[in-house]
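Quick one: structure below, then a few questions.
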Amino acid sequence: MALRFPRFSQGLAQDPTTRRIWFGIATAHDFESHDDITEERLYQNIFASHFGQLAIIFLWTSGNLFHVAWQGNFEAWVQDPLHVRPIAHAIWDPHFGQPAVEAFTRGGAPGPVNIAYSGVYQWWYTIGLRTNEDLYTGALFLLFLSALSLIAGWLHLQPKWKPSVSWFKNAESRLNHHLSGLFGVSSLAWTGHLVHVAIPGSRGEYVRWNNFLDVLPHPQGLGPFFSGQWNLYAQNPDSSSHLFGTSQGSGTAILTLLGGFHPQTQSLWLTDIAHHHLAIAILFLIAGHMYRTNFGIGHSIKDLLEAHIPPGGRLGRGHKGLYDTINNSIHFQLGLALASLGVITSLVAQHMYSLPAYAFIAQDFTTQAALYTHHQYIAGFIMTGAFAHGAIFFIRDYNPEQNEDNVLARMLDHKEAIISHLSWASLFLGFHTLGLYVHNDVMLAFGTPEKQILIEPIFAQWIQSAHGKTSYGFDVLLSSTNGPAFNAGRSIWLPGWLNAVNENSNSLFLTIGPGDFLVHHAIALGLHTTTLILVKGALDARGSKLMPDKKDFGYSFPCDGPGRGGTCDISAWDAFYLAVFWMLNTIGWVTFYWHWKHITLWQGNVSQFNESSTYLMGWLRDYLWLNSSQLINGYNPFGMNSLSVWAWMFLFGHLVWATGFMFLISWRGYWQELIETLAWAHERTPLANLIRWRDKPVALSIVQARLVGLAHFSVGYIFTFAAFLIASTSGKFG
């Protein structure tokens with residue numbers, strides 16, 4: 001018999017039903033469960049697949065550069081970044097009629113094009129690219145890196161080049177390599193690029209390979225570096241009248257601490273950014289030399305963990321046993337990596353709009369909205385994944401003997417206290433926030449808006465004031481004009497910071513009021529509830545009072561029959577599944593809030609947000625309905641326009657989202673009956689019954705149907721909001 005899919009599981013390959021296909025897809029990446037897997041092969045497969053991942057990333061970024069160089073308008077955009085719309089790529093569509101061709105021919109293009117809302121134009125411009133030739137060169141270089149990554153991946157699957165398990169478990173060497181070799185050296189290299197190419201570029205000097213060695217990035221060269229007069233590199237920065245990309249008003253400084261924003265581009269000073277990367281580089285280069293490898297100097301991580309005895313014995317045996325637990329569990333390591341990456345991705349979302357690093361990106365409102373939303377959703381998926389792999393660790397890798405009375409075991413020992421506290425916090429936030437919103441809603445409905453309960457966020461305003469925002473009238477720290485911190489700030493450090501905080505033209509420290517207070521607590525409700533579900537899923541993954549032997553059933557099981565008092569819905573996978581819905585809704589509230597507050601800020605009518613955001617009808621009517629009006633007007637006498645594609649996507653997103661409920665609400669029995677009826681009809685229909693199937697059709701399992709439903713819900717949700725976000729913002733601001 002020929003080898004059937006899946007080859008990695010002979011048991012599944014012999015399954016006579018369509019379960020073979022779906023379970024095969026579901027377990028394709030669960031290398032641990034494959035036939036003939038060894039620890040060594042597991043590590044080697046994952047390692048080699050990383051190179052494949054890198055190849056895909058390099059190919060994708062190469063494609064971005066190539067298509068903009070080929071079909072975009074980068075050179076025209078560089079001449080006038082505020083008024084030329086950046087083109088992502090051309091649209092070739094034989095179905096376009098004349099009205100559609102006209103609607104999508106924008107940005108000075110000869111035919112229909114897509115506008116770029118990703119910020120790549122601003123990024124490439126800021127780092128010194130100026131011509132299409134530059135873009136083509138970058139695309140070719142990344143293509144070369146992509147090929148190199150593929151070769152490296154193939155090479156590390158060859159017997160001679162396969163690393164051993166001991167190599168993968170050498171934590172100190174890996175840490176040193178990642179800290180110094182990847183973070184440290186790449187940050188230093190990036191500082192070099194900024195100082196040698198980007199900063200001269202921002203001052204009208206075009207540095208390329210042909211003149212790279214002739215152009216001094218600083219008039220005094222390396223003299224100040226070797227003589228210890230490093231402050232000379234900060235003298236004579238660009239003036240506030242500097243025109244970006246020209247020598248007009250430019251200075252000679254390369255490493256500064258100006259603070260605030262470049263007045264024309266509304267982005268951080270490039271010389272501040274270079275200084276930041278240099279500091280990061282030095283920090284990580286030092287950090288990467290702290291752990292003991294072949295040279296016998298530095299710390300052993302195991303010794304560090306074993307030596308740490310918590311004060312007063314309140315954490316039992318502290319970190320004893322943790323080193324081997326973490327080092328021998330890929331799921332634990334992946335959980336830690338995903339948790340870190342998730343937090344970083346969310347921080348990227350927050351910082352890209354509040355402290356924009358790329359020239360002119362702050363004035364491209366649609367791009368700002370798209371990037372914020374994109375990074376917050378990505379962060380949500382990554383963070384839920386962290387808890388999923390944490391739960392798998394507890395089921396597959398956790399050894400109670402090895403971790404007796406250490407911090408990990410003690411988390412499990414007092415899990416009831418953790419879960420009940422999270423539950424209490426979620427209930428408190430939910431009832432109080434909803435109570436305030438509903439009360440205010442009723443007051444508005446009865447025509448007595450003055451009876452709303454409006455709470456000023458005084459603690460948050462006090463924190464903003466401490467950082468220098470003066471409009472609230474708190475005389476504290478940096479907003480206290482006669483304090484030492486304020487006076488030092490004017491001269492020594494970040495003189496531009498206080499101006500930036502108090503300017504209303506940027507998104508730094510937005511003025512907040514009762515509407516912000518309410519939505520902040522709604523978001524806190526979502527965050528705490530999502531965390532509750534995820535933490536409970538991981539801490540109960542090994543077992544609970546209801547089902548003490550849960551770990552023997554694996555990560556995802558539907559239930560253990562009707563005889564145990566209801567064991568459905570309690571697998572660790574079910575917790576992940578439920579948490580994703582909460583995560584999506586929470587980030588929905590986050591992005592609604594961000595988007596509405598910024599739309600009113602950009603349009604100059606902040607009072608609309610302030611007045612309408614304190615009650616539910618305000619959100620539904622003045623944010624969702626008002627801003628989706630262009631997307632739901634259907635056919636009109638004006639015909640096609642450039643928002644039509646988003647209107648279609650808005651509808652299509654709703655369709656995909658709604659399809660999810662078909663899988664989520666009706667389960668296996670209904671579909672099995674339906675399938676058997678359809679199979680009966682098929683076998684008795686002339687012509688149709690000439691087509692046979694090798695696998696007997698059966699319904700999806702409960703867990704699989706939930707996954708398919710969840711995927712539709714997530715994808716539909718994000719498609720719908722993406723279309724709404726981009727159309728409502730670009731429709732207003734172009």
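Heads up, the Cβ atoms here are built off N, Cα and C, so glycines get one too.
Swiss-Prot lists these features:
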TRANSMEM  46-69  transmembrane segment
TRANSMEM  135-158  transmembrane segment
TRANSMEM  175-199  transmembrane segment
TRANSMEM  273-291  transmembrane segment
TRANSMEM  330-353  transmembrane segment
TRANSMEM  369-395  transmembrane segment
TRANSMEM  417-439  transmembrane segment
TRANSMEM  517-535  transmembrane segment
BINDING   C559, C568  [4Fe-4S] cluster binding site
TRANSMEM  575-596  transmembrane segment
TRANSMEM  643-665  transmembrane segment
BINDING   M662, Y670  chlorophyll a B3 binding site
BINDING   W671  phylloquinone binding site
TRANSMEM  707-727  transmembrane segment
Are there any residues in the same chain, six or more apart in sequence, whose C-beta is under 8 angstroms from the C-beta of Y670 (chlorophyll a B3 binding site), and if so which?
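None - Y670 (chlorophyll a B3 binding site) has no non-local Cβ neighbours under 8 Å at 6 or more residues apart.
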Given M662 (chlorophyll a B3 binding site) and C568 ([4Fe-4S] cluster binding site), what distance in Å do their CA atoms have, once rounded to a whole number?
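Given the Cα positions, M662 (chlorophyll a B3 binding site) is 20 Å from C568 ([4Fe-4S] cluster binding site).
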Any chance you could find the range in 135-158, 175-199, 330-353, 707-727 with the most Cβ pairs under 8 Å to the transmembrane segment (643-665)?
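Most contacts with the transmembrane segment (643-665): 707-727.
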Which stretch from 46-69, 175-199, 517-535, 575-596, 707-727 shares the most C-beta pairs under 8 Å with the transmembrane segment (273-291)?
175-199
May I ask you to report the DSSP-based helix, strand or coil state of W671 (phylloquinone binding site)?
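Once the DSSP labels are grouped into three classes, W671 (phylloquinone binding site) ends up as helix.
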Measure the Cβ-based neighbour count of C559 ([4Fe-4S] cluster binding site), defined as the other Cβ atoms within 10 Å of its Cβ.
16
Where the residue listed as 'phylloquinone binding site' and C568 ([4Fe-4S] cluster binding site) are concerned, what is their Cα separation in Å, rounded?
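For the residue listed as 'phylloquinone binding site' versus C568 ([4Fe-4S] cluster binding site), the Cα atoms are 19 Å apart.
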Near M662 (chlorophyll a B3 binding site), how many other Cβ atoms are within 10 Å of its Cβ?
13
Using a Cβ cut-off under 8 Å and a sequence separation of 6 or more, which residues in the same chain sit near C568 ([4Fe-4S] cluster binding site)?
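Result: P558, C559.
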Using a Cβ cut-off of under 8 Å, list the residues of the same chain at least 6 residues beyond the transmembrane segment (369-395) that approach it.
117-119, 329, 331-332, 334-336, 338-339, 341-343, 345-346, 348-349, 352-353, 412, 530, 534-535, 537-539, 541-542, 551, 554-555, 572-573, 575-576, 579-580, 583-584, 586-587, 590-591, 594-595, 598, 718, 721-722, 725-726, 729
With the transmembrane segment (417-439) as the reference, find which of 135-158, 175-199, 330-353, 517-535, 707-727 contributes the most Cβ pairs under 8 Å.
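It is 517-535 that shares the most Cβ pairs under 8 Å with the transmembrane segment (417-439).
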DSSP three-state call for C568 ([4Fe-4S] cluster binding site): helix, strand or coil?
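It is coil.
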For W671 (phylloquinone binding site), list the number of other Cβ atoms lying within 10 Å of its Cβ atom.
17
